[in-house]
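Novice: As annotated in Swiss-Prot:
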REGION    47-305  region 'Disordered'
COMPBIAS  68-82  compositional bias 'Polar residues'
COMPBIAS  93-159  compositional bias 'Basic and acidic residues'
COMPBIAS  166-219  compositional bias 'Basic and acidic residues'
COMPBIAS  254-269  compositional bias 'Basic residues'
COMPBIAS  270-283  compositional bias 'Basic and acidic residues'
DOMAIN    393-562  domain 'tr-type G'
BINDING   402-409, 448-452, 502-505  GTP binding site
REGION    402-409  region 'G1'
REGION    448-451  region 'G3'
REGION    502-505  region 'G4'
Amino acid sequence: MTDVTVKALAAEIQTSVDRLVQQFADAGIPKSADDSVSAQEKQTLLAHLNRENGSGPDKLTLQRKTRSTLNIPGTGGKSKSVQIEVRKKRTFVKRDPQETERLAAEEQAQREAEEQARREAEETAKREAQQKADREAAEQAKRDAAEKAKREAAEKDKVSNQQTDDMTKTAQAEKARRENEAAELKRKAEEEARRKLEEEARRVAEEARRMAEENKWTDNAEPTEDTSDYHVTTSQHARQAEDENDREVEGGRGRSRNAKAARPAKKGNKHSESKADREEARAAVRGGKGGKNRKGSALQQSFQKPVQAVNRDVVIGETITVGELANKMAVKGSQVIKAMMKLGAMATINQVIDQETAQLVAEEMGHKVILRRENELEEAVMSDRDTGAAAEPRAPVVTIMGHVDHGKTSLLDYIRSTKVASGEAGGITQHIGAYHVETDNGMITFLDTPGHAAFTSMRARGAQATDIVVLVVAADDGVMPQTIEAIQHAKAAGVPVVVAVNKIDKPEADPDRVKNELSQYGILPEEWGGESQFVHVSAKAGTGIDELLDAILLQAEVLELKAVRKGMASGAVIESFLDKGRGPVATVLVREGTLNKGDIVLCGFEYGRVRAMRNELGQEVLEAGPSIPVEILGLSGVPAAGDEVTVVRDEKKAREVALYRQGKFREVKLARQQKSKLENMFANMTEGEVHEVNIVLKADVQGSVEAISDSLLKLSTDEVKVKIIGSGVGGITETDATLAAASNAILVGFNVRADASARKVIEAESLDLRYYSVIYNLIDEVKAAMSGMLSPELKQQIIGLAEVRDVFKSPKFGAVAGCMVTEGTIKRHNPIRVLRDNVVIYEGELESLRRFKDDVNEVRNGMECGIGVKNYNDVRVGDMIEVFEIIEIQRTIA
């Protein structure tokens, strides 16, 4: 090998020159950068580096886990799954070359020793077999010689005595023949014994050779990984063991049967009798004498199916599935379905049925029914509450209702001396506002409801939670639709009404007109003999505000409103929404008791501990008494507006009740699903022709979601339907955007915005996202989108009328009508009608239009022309030709 310099070697092995010089110095070879390096010096350096750094790892351990599932059959035809984990570990040891050579030499020596032992064993076996065969042959030869001498002596005796006695000779011949046969049989037996000995010797030698080979493979071969499936191998072993067991049983049975046939058992032998009896009993249990039943007979049961029907006590809750009912009655689901079909009800095995239907089916099938009350836990939680006995007077809860823009919020705004209305989008109220006001005569709690038509359900909730309704009517506008609706809500809730005639300061105000209109709906003023107080007010000027408050307090005094102030609180959710920083927030109006910070509350489907309470001004409060509205934080989710709020003792039980209510709501919803009836079949067949506007709706509060959903669903027509794919409270999330993309829906955000992840999905999928803050605009735009889906209306518009004055014959067009245009314009290639005595006799197309032998496109009023009608020759003088065109009119939703 050619010597290289230290610098070149460093470049070749990709290391620095200084490091390589240092390594040479450590190895005892002083070098500089320009010195040459020989092959011997390279080997010396390599050996030094190996000693310093060592080699790779001497031992490597591999671990492997295999997880699988084994299905084990259980009782009742059900099977359970067992998780099985097989762990394998293998260690590889790296040996040095000297150790490897030594082990190879030892293995070679061991193999040679085993081969020598095998050969010696074979030689020994052969030698023993040969010696035994020689001994047998020598003994046989001696026996043959003795037999021969005996035969010769017998023959001599026979010859000597032949003349004397023929009868003796015959007997001797017979005897000799028998002796020959016995000798032949004996010889054959000896040969068979010798053959068996030789086979035994060969078998011993083969066994020795096989054991030697197994030892060799066991000692030398590396253990291989078991790649077979654990469960397949296990089941194969199980089947083999079962087959061997069956073969042993069959063999024992056959042997016992043959033994019985060969020799009858002794009467006095009790052991043999008991053994035979056991065999017979075992055979009877395992399937008798049938040949097919013998296989696997050891695993069969001796259970006999009961012949009589078993009547059971079946416990049925409020709802139950068909499959669960079948399990409780211990019958197959198909039998329950058949019984329901006999009763006239169609059902599937997973369908939820109500308690009455399940009771009828169970009683029809002969079982006793026990009806279970599932709300026992809920009743127990509700009964375990501290409620004080002494009731005290409380402040009235007043709901301000009326038509939109009649000044409800402005009136309350003046009372509270704040500017709330300016903060509402569009100047209209879209939430329920709850406020309490301290006056000189006492405290009053006000609920401000929306007046827009979309917020019917909100107004209904406000009327149910209130004591007194203040009906605001504009003096210049009179009674309007939402005013009438507010009267209906108040009457339905049985709440007294105080009428505030607002905008009394306007010149066009007419309070008497308002009284007359309200009297038509059962609201009569006191001066007319009615029960309602009428107060003239002006929210702008502040006129009559004190009189209105006095009227409210007077009405409250008449009602004698009282509530328990001490003890656990109960109330109602006025409004709820999801705040990004604070979580679910609910506006609660306390009816009884005192709500404290830290109380555990149960609220519809939700529960939680009150972590914080704020009043309507956003100030933290520690407690809230009757008729006080507060915002509470800490619920598990956003409750539905109108839900009952109850303080309970145990959070665990509150959670159980909330989960039970959720499950019950879901089951009831499934049970109410429409059954497949014949009349629905035709309705479903036409659904494919209906266009759908899919909407994913998110709003800031629960009430707005409810109101907008109701308003949009009411827009549906026979041709276009609005479908709310998803709705909720809070900002637009990625999940909402994905849902809208999957269902081809419009994303609508009412006073909410989309987060960053949702915006990415919206941009990627090019979704239609729209933000609104006023409900008018939202409804108008959805109407416009629905109008675009309506098929246009086709309308025929008459553009010209011509009278036939003469008829000419043309070789090209046939009959050509010479006409005078009497109305409008005649256009070529337009559809026409031929009228005779004002009766349409033909409808077709105008093919040829000429004026003085020239083809023209149109002929105006008062001019003559020739008209050729396509595929029609029966034109007569006096006929009228009506030319029209079809125009499309875009339809809109009113």
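Every residue gets a Cβ built from N, Cα and C, even glycine.
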Novice: Taking the Cβ of each of the binding-site residues and counting other Cβ atoms inside 10 Å, which one has the highest number: Gly402, Asp405, Lys408, Ile504?
Specialist: Lys408
Novice: Over the region 'G1' (402-409), what is the model's average pLDDT?
Specialist: 76
Novice: Looking only at the compositional bias 'Basic and acidic residues' (93-159), what are its DSSP counts of helix, strand and coil residues?
Specialist: 63 helix, 1 strand, 3 coil
Novice: Could you give the number of helix, strand and coil residues in the region 'G1' (402-409) as assigned by DSSP?
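Specialist: DSSP classes over the region 'G1' (402-409) add up to 2 helix, 1 strand, 5 coil.
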Novice: Where DSSP helix means H, G or I and strand means E or B, what are the helix, strand and coil counts for the region 'G4' (502-505)?
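Specialist: Taking the region 'G4' (502-505) as a whole: 0 helix, 1 strand, 3 coil.
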